[in-house]
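Shown next, in structure tokens, is the structure this report addresses.
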Amino acid sequence: MTDIHVTSGKAGPTGGSRHLLEVKDLYVEFHTRDGVARVINGVSYHLDPGETLAVLGESGSGKSVTAQAIMGILDMPPAKIPSGQILYKGENLLAMSEEKRRQVRGKEISMIFQDALSALNPVFPVGWQISETLRTRAGMSRKEGLKRVVELMDLVKIPAAKARVRDYPHQFSGGMRQRVMIAMSLAMEPKVLIADEPTTALDVTVQAQIMDLLGDLRRDMNMGLILITHDLGVVADVADRIAVMYAGRIVEHADVRNVYKHPAHPYTEGLLDSIPRLDSKGTELATIKGLPPNLMRPPTGCAFHPRCKYAKAVCTTETPRSLDLGHGRTSACHFAKEMLDGTLR
Amino acid sequence: MFRYLVRRFLQMIMVFIATTLIVYSLMYLTGGDPIQALAGEKPVTDLQRAQLTVKYGLDQPFLVRYWNYLTDLLHLDFGTTLTGRPIKDILLDAWPVTMQLALIAILVTIIFGVTAGVIAGIRRGSIFDNATLVLTLIVIGIPSVVLAPLAQYLFTIQWKLFPTTASGDPTWYELVLPGIVLGSLSVATAMRLTRASVSENLRADFVRTARSKGMPGRRVIGIHVLRNSLIPIVTFLGVELGSLMAGAIVTESVFNVPGVGFQLARGLKTEDTPLVIGIVSVLVIVFLVANLIVDLLYAVLDPRIRYE
């Protein structure tokens, strides 16, 4: 599957991008008392309407920070964006005034968070929270807002929506709370929805329901969906493309089926091997040895080399560039081609 | 909510019985001869003693006497002082004054303490934050026995801005300085509490959510943060108002304000046991009611409490 280039965004003055959303060579660093942590090191990805991009990686790989940079909700300081562009419909969000940027948040690009219990305000009824943007930004009256809230809650399949608008977040189950969160993010009908580990805090059965819901909404509303997760199993059915992140870089970027069939980066391969399978019952589960690097003092060369089972001398000295493998596929490994051929040992 | 109310009310009744029992036992245990205390220096004949013993029910067992005291209390009969004046009259005179004073003090606390706390909480680490930290530490460090006379000296004698002492029936103007002194003691606490609460809520996940919804900064702080920060602050202010209503012995004595604390100090000085017991009993009730109101307010402010 190749990328669908929909020219919904006119080429803007800064970018000339044909994508709905495009992150271009983004760098983010955190300035702390102990030094500078370079958490995002040249990340680029793009998203088109109606498409799902899964951003995969361990904790600390920079997947959430990239999302927060897109939303413009990073605390600066300590965060700093020394270079890079985030183009929405061709316009660079990073060059916008805060007021203009605020208009984009929630209305054009919306975000849902991992833990809906803490992400919702405990002292306001859910109906109030869902309708907040409608009342303050879309100019709806309380009554109109309430009517729309019930529609939104129906849309995300919360049973007895009408009776529950006055309930508080703590009165909902985990799955229902995440649905409230989703309803809230959809209130202004955004073009891009960023879901930051939306199912991590939920039971497995509920996880599947939420993923299905997100998939359906994405299709029905023709939204671009960025799905941030550390769970490869979750993304297989929903995602169109996958971007695998490691130590603030995208190490592999490809069509979802290609990744599962032939990973082009040792890290992706490691992630795939560590998924428990029914047919591997009785054998020990493979893991990636070692820990993600300390971003204050990243390893020289390829950041993954200390944990890579194929690491060679060149990996410790030279940072691999993102290699174009065709069909929109890239891999940041010196031996990406060998990996695909199956000749890497 | 109804169950919470009932449970909270039953709790209050139990605390009321326990505290009054302690107060009454203490009076009982102090010993002494109440009939001689009543007669003063005059001799008491056996016949008089027997009569008075029966009249005041002193021949009854302890629990019966406690029960009588309790029922009198509930009928708002606090007895008379040793000089024969009904304690109820004294309280009726003193309470409005103390309430005025408490109102000024709580306003001072809210205007200076809470406002400064909100600003310091938002601008953590700023000059304002550090300056108020130093100032509040100084104020916390000065006990009221020092602060009250110091303020009195500076503002009334040195700069002549306020009257030195209050009159028998004090005006608002006469109560302003004692009110500020009384309030400044809780300003520091209110400020630290507000600052901590605001800065904690600023880092909460729901603030990030509100921002990602595109809410402007003033709405994020003014509504999302403040509404949550209010919960501990209101609790503190309620309890504080309760203790302010109980009168401030030092401040009222220094400024000669004829409030509850002043009367209590007088009762203690003249060893007027019935007066002291009467006032303390009422204070217990005021405190309990203040706490009840705070808890109910807490349930109104925090929906998570309501439904537990």
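A Cβ is built for glycine as well, from the same backbone N, Cα and C atoms used for every other residue.
What TrEMBL lists as domain 'ABC transmembrane type-1' is B:95-298.
Residues or ranges marked as transmembrane segment by TrEMBL: B:12-30 (among others). Sequence-remote contacts of a segment are chain residues at least 6 beyond its ends whose Cβ falls under 8 Å from one of its Cβ atoms, and for the transmembrane segment (B:12-30) they are 62, 65-66, 69-70, 73, 273, 277, 280-281, 284-285, 288, 291-292.
Look at TrEMBL and you will find B:101-122 (among others) tagged as transmembrane segment. Within the chain carrying the transmembrane segment (B:101-122), a Cβ under 8 angstroms from the stretch's Cβ atoms is held by residues 128-129, 132-133, 172, 175-176, 178-180, 182-184, 186-199, 202, 221, 226, 229, 233, 237, 240-241, 244-245, 248, 251-252, 257, 259, all 6 or more beyond its ends.
According to TrEMBL, the transmembrane segment annotation covers B:134-155 (among others).
Under 8 Å from some Cβ of the transmembrane segment (B:175-193) lie the Cβ atoms of residues 97, 100-110, 112-114, 116-117, 120, 132, 136-137, 139-140, 144, 147-148, 151-152, 155-156, 161-162, 166, 232-233, 236-237, 240, 244, 248, 251-252, 254-255, 257, all in the same chain and six or more residues away from its ends. According to TrEMBL, the feature transmembrane segment maps to B:175-193 (among others).
Here TrEMBL flags B:229-255 (among others) as transmembrane segment.
Sequence annotations record features per position, and here TrEMBL assigns transmembrane segment to B:275-301 (among others).
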